[in-house]
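Quick notes on the structure that follows.
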């Protein structure tokens, strides 16, 4: 017969290749696949590989003009999920040529762009990605990273302390700056714009930036410590976002902030490049992450969003608390915390890490624990997150019965007590409450905080 063999054919003939040996340059993905009833797992896994790479629903004439073997995604392994009927982990390898260099946006458009609406699947979740060295090297990554940040701030050997200014909406710029000053003066390292503070009618961005800068210079002069306030540069357009970052730089402040999921990866990478070029640290908030990562069987796990952020660029990122008001299992959380901070992370399924990830000296990101935490949580947080982290107490600072500055004092005293106890070899997990109680004997501010929030 003339021409090519037209018609719909099974994906698994082309895209399910259990003998395939993965290459060092491949991007590897682990998908949790829930096929529709009657769809075999091989076909579902192959369909994912096809739809997220070169495949389309029918054979097309132009297939003959490409080298499919060079460009197709391959489902190379399938395993059942323990304890779940009809769920499988499908491992897919993508050739590096399918992706634009230095573009998280393109990486996600390819891997998770179309395939999640696929009819043959009831649900699909991207659990993990292995980013090959060759691709990592096309990204700038975090503007500065953990070590450079410590050097800029001159703060070593302990976690950093932050506080989100509340009420998050409705304060005037002057009163907002006042709250910032009180917290920093009391002993915090950072204060933070809430993620939804951008530039609203009750407080325009330029006024807020000005009063916050005034607050942090005053606090710096009085405490002899370097202080920061995360000025949220997130805006409706990239141009406006950069304009805000430029103004922050002109004020001489150390750090700005961005909501990377609502702002988008393209905007985030642009801001990250600007921050590295101009010596600004970049704090990242993950507003909207639960829309993507909360469902256990559909969407994307946060560890994928965290890896993507490390590529796109950010010096801090919110990553759950393990102890506060928002959910997060301890081992899983520590898994992606390591993926953010460490240079090399071994595959470890008990911590949700499906692939060994080598970051080839891309700078690390500080995880930020934030949400419903207070002084009694301090020993656990110090133990779980270690020194390279930012602990953020919003209500846990501003809710102090004596006011903001004493709230900040209470947190700083609690932190210093925990760090000292740890350095003396005491066990924070078992003696935590004891350590806080001892410290509160000589700090009335901490004692008052201990009264308000029970253990």
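Every residue, even glycine, has its Cβ placed from backbone N, Cα and C.
The substrate site recorded in Swiss-Prot comprises 114, 164, 168, 286, 370 together with one of 77, 318, 400, namely 318. In sequence order, 51, 52 are the residues of the chain that are 6 or more apart from residue 114 (substrate binding site) and have a CB within less than 8 Å of its CB. When the recorded positions 192, 286 are scored by other C-beta atoms within 10 Å, 192 scores highest. Just so you know, of the recorded positions 285, 318, the Cβ with the fewest other Cβ atoms around it within 10 Å is the one at 318. Residue pair residue 285 (active site, proton acceptor) / residue 164 (substrate binding site) shows a Cα separation of 11 Å.
For residue 164 (substrate binding site) paired with residue 194 (Mg(2+) binding site), the C-alpha to C-alpha distance reads 6 Å.
Its Cβ taken as reference, residue 195 (Mg(2+) binding site) is surrounded by 22 other Cβ atoms within 10 Å in the chains shown.
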